[in-house]
Amino acid sequence: MNTFSQVWVFSDTPSRLPELMNGAQALANQINAFVLNDADGAQAIQLGANHVWKLNGKPDDRMIEDYAGVMADTIRQHGADGLVLLPNTRRGKLLAAKLGYRLKAAVSNDASTVSVQDGKATVKHMVYGGLAIGEERIATPYAVLTISSGTFDAAQPDASRTGETHTVEWQAPAVAITRTATQARQSNSVDLDKARLVVSVGRGIGSKENIALAEQLCKAIGAELACSRPVAENEKWMEHERYVGISNLMLKPELYLAVGISGQIQHMVGANASQTIFAINKDKNAPIFQYADYGIVGDAVKILPALTAALAR
């Protein structure tokens, strides 16, 4: 048996749902989707869900993760085994841990490939900071996985599909986290996972002000702007949501133009699936050139304006 009888899907990020649903179609005979509202439920059915389970009644001061108890109860009531797919987000990982405990299931994070053999999930993911690939065969009846971005292609919606909708009512957990305040966060409005062309900057760009040169190039060629982890996490020059690497975005664009990025393995595992990699770096020995299809050795601050002018013609 190379599929599970049932798979359960939940995504706290709507843009990740099509990818998870495509994976669900390949891994199980029946697809169940937990959703937070009617619009997400309709989307899940169009993407292939046979049953939609609307999570309902959570007080405003409680966390989405506190639905874990009723989610686990619902999963157990409808089968003695099964697969749970979640996005590899912070909330996805926290929810995976809670579900794993309640289902007595093995949990595997950052899955980059998933297959089923003899009714058991086999998962591969990066280990040792991206230096190797680890493989796990999950022996527990339930398997809870968080899926790295780009693991599956996005499922295409079909408005003719039909499915059944159910309601799962909130039950307060014995121990809960109460939200006392919220603060709006300026988040990335661009879905980099879907970008055809990506210009990504590293600390070699020199300063936050010089990022404007990369933005001008993006505008000239219709690309989206990304960055390395140090630019986002250390220098705070760009948003966390835009950094590429093993612990965040895993991209597969047609073109990845790396500007001032050294090319450490932790970054390249997030970009190495690109169809074409073009690197600009003043260090001719930078590791990025081992991955690049094309490269220019030189100062990015001087090269970017010339490249933008040439491509804008």
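Each Cβ is built from the backbone N, Cα and C atoms, and glycine gets one as well.
Feature annotations, courtesy of Swiss-Prot:
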| type | residues | note |
| --- | --- | --- |
| BINDING | 255-283 | FAD binding site |
Of Leu255, Val259, Ala271, Ala279 (the binding-site residues), the residue whose Cβ has the fewest other Cβ atoms within 10 Å: Leu255
Gln275 (FAD binding site): tally of other CB atoms within 10 A of its CB: 11
Could you list the residues of the same chain, at least six apart in sequence, whose Cβ is under 8 A from the Cβ of His267 (FAD binding site)? Gly202, Ser228, Arg229, Val244, Gly245, Ile246, Ile261
In which DSSP state, out of helix, strand and coil, do we find Ala271 (FAD binding site)? coil
Inside 10 Å of the Cβ of Asp283 (FAD binding site), count up the other Cβ atoms and send me the figure. 13
